[in-house]
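*Asks:* The following block contains the structure, expressed as structure tokens.
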Amino acid sequence: MSITPQSEQRVAVLKGLGTYLPPRVVSNEELSGRLETSDEWIRTRTGIRQRHWADQGTATGDLAFEAGARALKAAGVEKVDAVVLATTTPDHPCPATAPAVAARLGQGTVPAFDVSAVCAGFVYATAAASSLIVAGLAERVLVIGAETYSTILNPEDRTTSVIFGDGAGAIVLEAGTAGEPGALLGFDLGSDGEYPDLISIPAGGSRQRSEGTAPDPSAYYFSMQGKQVFAHAVNRMGESSAALLERIGWPTESVDRLVGHQANVRILHSLADLLGVERERAVVNLDRVGNTSAASIPLALADAVNGGAVKPGDRVLMTAFGGGLAWGSTALVWPDVDVV
Ligand code: COA
């Protein structure tokens with residue numbers, strides 16, 4: 001599915017970006033102390049040096065609240081018309097996490113809902129929020145990607161424990177026109193439900209019910225077939241990015257920064273190679289935060305802006321891939337906005 005607005009068309013424009021990382025840093029060395037792994041393996045196979053994990057008692061909604069408050073501050077606004085929250089790790093299976101976060105943020109009775117698209121969640125949530133704006137249902141929407149993967153990782157599984165981190169990022173979108181900096185110029189979204197088992201929490205939903213019928217306690221933890229996921233991730237993000245670039249008329253060489261989902265530095269480099277974007281243009285912050293799933297894109301974006309890698313006027317391509325399988329891409333010219 002794709003959406004590409006015309007130049008004077010009403011679109012969603014990015015007005016501010018906020019992020020939050022829980023303070024506890026977990027190093028590769030700490031994980032090597034209890035799992036059969038090593039700093040060397042993790043660094044060379046993934047690029048990750050450390051990740052942040054929330055302390056016991058801190059939930060996804062708490063991280064989402066902090067990032068959401070910072071995004072509102074960055075945009076200089078107090079009120080929005082809707083809150084859309086992307087997460088794989090909601091506070092509860094029911095209800096959604098977004099309404100409680102919206103209430104804590106002082107947003108009263110605005111519509112608030114969760115989006116479940118795993119690591120592609122932020123792009124999906126941004127597309128949903130943009131659609132509310134384009135349809136005239138909202139003038140301003142707060143989009144949040146927030147995760148506490150530390151709560152779903154199997155502590156004995158070295159293949160997932162070393163990869164994922166906790167964190168949150170949020171943006172404020174406002175109605176504007178496609179010609180403005182910060183305008184979301186288009187979306188390319190897709191899914192392939194032929195591979196639900198490559199990334200999953202098998203039990204706890206209606207398929208394997210939580211009342212003791214799941215045969216294996218590990219079925220309640222997050223699991224991933226890393227090798228297969230790697231290949232799908234590169235190909236799907238590559239195809240999606242190329243399709244979007246063609247539709248919005250950006251030659252590949254005009255892309256200043258590629259903000260890809262931060263899963264593995266080798267995935268980001270393979271993606272850059274496939275697209276024909278120089279590797280140096282691929283933003284990398286996974287070395288410090290790991291794979292934060294739905295929070296990955298806004299955290300990488302904020303890191304790049306704060307580090308001077310993304311400047312106002314830069315052409316920024318964002319692309320993400322995750323369980324489902326699901327993927328999505330969007331693009332904008334970076335606006336002169338605050339990052340908090
Ligand atoms: N420490 C040490 N060894 C490990 C390890 C760890 N943390 N994790 C896996 N291994 C071992 C495997 O058991 C395997 O051993 P074997 O050859 O004896 O069977 C070996 O390392 C190679 O495993 P493999 O899975 O083939 O490694 P890989 O090069 O594909 O790297 C990932 C594994 C997970 C890092 C990589 O596949 C990946 O990044 N996939 C995508 C991850 C992702 O974040 N996806 C999220 C959505 S996009």
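Every residue, even glycine, has its Cβ placed from backbone N, Cα and C.
Automatic prediction, not curation, is the source of TrEMBL annotations.
Okay, so TrEMBL annotates it like this:
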{"type": "ACT_SITE", "residues": "C119", "note": "active site"}
{"type": "ACT_SITE", "residues": "H261", "note": "active site"}
{"type": "ACT_SITE", "residues": "N291", "note": "active site"}
{"type": "DOMAIN", "residues": "113-193", "note": "domain 'Beta-ketoacyl-[acyl-carrier-protein] synthase III N-terminal'"}
{"type": "DOMAIN", "residues": "245-334", "note": "domain 'Beta-ketoacyl-[acyl-carrier-protein] synthase III C-terminal'"}
{"type": "REGION", "residues": "262-266", "note": "region 'ACP-binding'"}
*Asks:* If I take the alpha carbons of H261 (active site) and N291 (active site), what is the distance between them in whole Å?
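*Replies:* That comes out at 8 Å between the alpha carbons.
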*Asks:* Using a Cβ-Cβ cut-off under 8 angstroms and a sequence gap of six or more, which residues of the chain neighbour N291 (active site)?
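*Replies:* Those within reach of N291 (active site), by Cβ under 8 Å and sequence separation of 6 or more, are I48, C119, Y149, I163, F164, G165, H261, Q262, A263, N264.
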*Asks:* Go ahead and report the DSSP secondary structure tallies for the domain 'Beta-ketoacyl-[acyl-carrier-protein] synthase III N-terminal' (113-193): helix first, then strand, then coil.
*Replies:* 24 helix, 29 strand, 28 coil
*Asks:* Where does N291 (active site) sit by DSSP, helix, strand or coil?
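*Replies:* Strand, per DSSP.
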*Asks:* Can you work out the mean pLDDT of the predicted model over the domain 'Beta-ketoacyl-[acyl-carrier-protein] synthase III C-terminal' (245-334)?
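*Replies:* When the pLDDT values over the domain 'Beta-ketoacyl-[acyl-carrier-protein] synthase III C-terminal' (245-334) are averaged, the result is 98.
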